[in-house]
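Would you mind keeping the following structure in view while I ask a few things?
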Amino acid sequence: MRLNRRVWCSFVFVAGEVSGIMISISKWKCSWSLMATIASIVALVSVVHLFLFPVVPSFDPFSVRKVQDSCGPNNESVDGRTGHDPGNLQPVLDLEHKFPADLHRAVVYRNAPWKAEIGRWLSGCDAVTKEVSVVETISGRSCKNDCGGQGVCNYELGQCRCFHGFSGEGCSERLHLECNYPKSPELPYGRWVVSICSAHCDPTRAMCFCGEGTKYPNRPAAETCGFQLSLPSEPGAPRQVDWAKPDVDIYTTNKSKLGWCNVDPAEGYANKVKFKEECDCKYDCLSGRFCEVPVLCSCINQCSGHGHCRGGFCQCANGWYGTDCSIPSVTSSVREWPQWLRPAQLDVPDNAHLTGKLVDLNAVVKKKRPLIYVYDLPPKFNSLLLEGRHFKFECVNRLYNDNNATIWTDQLYGAQMALYESILASPHRTLNGEEADFFFVPVLDSCIITRADDAPHLSMEQHLGLRSSLTLEFYRKAYDHIVEHYPFWNRSSGRDHIWSFSWDEGACYAPKEIWNSMMVVHWGNTNSKHNHSTTAYWADNWDKISSDRRGKHPCFDPDKDLVLPAWKRPDVIALSTKLWARPLEKRKTLFYFNGNLGPAYPNGRPEALYSMGIRQKLAEEFGSTPNKDGNLGKQHAENVIVSPLRSERYHEDLASSVFCGVMPGDGWSGRMEDSILQGCIPVVIQDGIYLPYENVLNYESFAVRILEDEIPNLIKILQGFNETEIENKLTSVQKIWQRFLYRDSMLLEAERQKNAFGYVEDWAVEFLRLTEDDVFATFVQVLHYKLHNDPWRRQLGSQKKDFGLPQECLMRTS
């Protein structure tokens, strides 16, 4: 037989499950050598699997399944009926009588009091959801030059996601990102900007370091560190920075001068040498007083174990991609696939041998709806913002100490990162846009706003200095990208898409193009009363943004959007002492509010618009701390605390109170979360502005709402509740408090730390004891309800999908 002669065969072969993966090769015409090679590989993998993995119940390993040419969904319902035409359904499940509402018109599902219609559907339908078979596509498109080692290949699109400072089709173009604005005779380093640098500028990230010629060239010399400071103008005043004069003493080797770039850490700690106090370790990935300790950087899901975190950008291992390196390509090891893709039955296409090129593979996975597709956006919308941040605490909810142990931060905007991480690691995630029920667009506005104007390449000169305008532009460009590269937006005009807005006024500055979508925010202003920008910080004001760009939409639409809780740092003491469970008899304070009360108080916010004047009105009536004039509130009382003085026992004080005030700051504040997490009944005072879950949960069951005009009557209103009513509300708070925690994201981190170090920290121990639904579980429940009850879906008509529900739970088309 000549060497180039091919002998073909046809056969059917099914291999057993390999680490949660079942391989199915059907009617494959192949050469004998290729067949033998595949058989050898399967045999080897199967043997390795038997030694390394227990048998996981899945599909029947002895069945033979024909490979479908189409990735179309299976329309057979869980009870064996086909078609699923909602237009022909007759309701047979009487949810209203089976799940009656209580006296507050709530229906309780999984310990939470929902609005009646939502609670009924969840109780009757969400609770009985079955798994469905979903075809997940494992992609294998290559990228130019494999991105040249300066980026990550998106194997779905065949596009490179380039690291900071690199660009182009194959990441071959090196960018030059200046630290400084153009110089002038008066300002040789340009006007001030966060990235301003008198030392060595790294042009790939616009970051400032000591540079070559120093003992520690990679030590940050950022901002104030590199410039001269003048003496205070008066005692107690801060020193002034002269941004025109570099401080050459930071390079000194004279131990009696205030050095930095040549200071030996051991001598510095031993006080044998002087050093400039204004120099510190602003950048991520470094720790120690002299930035001498390399530590873990903060990345989305810490790259899921399939990559290296480089300052916020995941550099994925070969065969993996995505913002958190969680998506496998066809060259990845199936043994390492994430849990949300396992167990799976893997199909090898009939023509895989013909081209000799990598081809997409189909993996059939059992999942429960709702299913969420996550766009792998270009990194300028997320990873680059993280990699280039000039202050390590910006827009992340955790850092790492010298021992690489987790340090949770108080970054209020960290909820955006937590939600993103949970979605990426969730069993509700899908790679199949055809099967997806929702589409998540991961733009990190928490990073955009904190980084606005922090370097020349993020200038706001074209946005009149408005961070809100710059952020709107980012979202519009993300919209342009998904419309250009994906087919999913136009199918619903974006109504099944989800956008996260974490900043003070939420989606107020959303571009008009995306307003049809679901907005996930912390600020639920319907603009029914406060119909303008409510922030006192001018750079975030959105009133001046043209309607040509923003449109005329409100900030929040309760019919389609959702308010989620803000991020709160895990508090081990509060959890271990169960402050949330403190009974009524131990709560001696009737009403409590501790926070900034505006210009009438020392160190108060000077703007009259701060908090829309609500906190100021409260203080005028019930202030328990003297204002600048030495006056208390007109109705101050012993068991009412309204004070701007931050208590060192803040959580304890909340847990010792019956009612706690919830009012805005510059937009939303975290007072609702503080109240609930300490078991205190929230008293909401902000007209027309929704709080977390307020359009889905029944607030009357656990909270009190009063109008802003009723502030003078606050205490009379609260005293009007009898003990039984108060006990009922406290009981409800104690049942829902975990829905205000991002426990899922925290447990993902606990699992990573356990895998890395073999133990769990105190915060993880406490969170592992919690069993009720958290923020992410609530979010998924809301999506499931919306999937079958949003009116716009009814207008689209029948959806040829298997929803894993009884027919009576499915939406009827009009």
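Using the three backbone atoms N, Cα and C, a Cβ is placed for every residue, glycine included.
All annotation found in TrEMBL is predicted automatically rather than curated by experts.
Given the structure is predicted, the values throughout are model-derived calculations rather than measurements.
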If you follow TrEMBL, the disulfide involving CYS171 connects it to which of the following: CYS153, CYS162?
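Disulfide partner per TrEMBL record: CYS162.
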Just choose from CYS125, CYS153 the cysteine that TrEMBL connects to CYS143 via a disulfide.
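Cross-referencing TrEMBL, the cysteine bonded to CYS143 turns out to be CYS153.
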Report the DSSP secondary-structure composition of the domain 'EGF-like' (139-172) as helix, strand and coil residue counts.
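Summed over the domain 'EGF-like' (139-172), the classes give 6 helix, 10 strand, 18 coil.
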Any idea what the Cα distance is from CYS153 (disulfide bond) over to CYS171 (disulfide bond), rounded to a whole Å?
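Just about 10 Å between their Cα atoms.
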Which residue, out of the disulfide-bonded residues CYS143, CYS153, CYS162, CYS171, shows the minimum number of other Cβ atoms inside 10 Å of its Cβ in this structure?
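Counting other Cβ atoms within 10 Å of each of the disulfide-bonded residues CYS143, CYS153, CYS162, CYS171, the minimum falls on CYS143.
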In whole Å, how far does the CA atom of CYS162 (disulfide bond) lie from that of CYS143 (disulfide bond)?
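Rounded to the nearest whole number, the Cα-Cα distance is 11 Å.
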In angstrom units, rounded to an integer, how far apart are the Cα atoms of CYS143 (disulfide bond) and CYS171 (disulfide bond)?
10
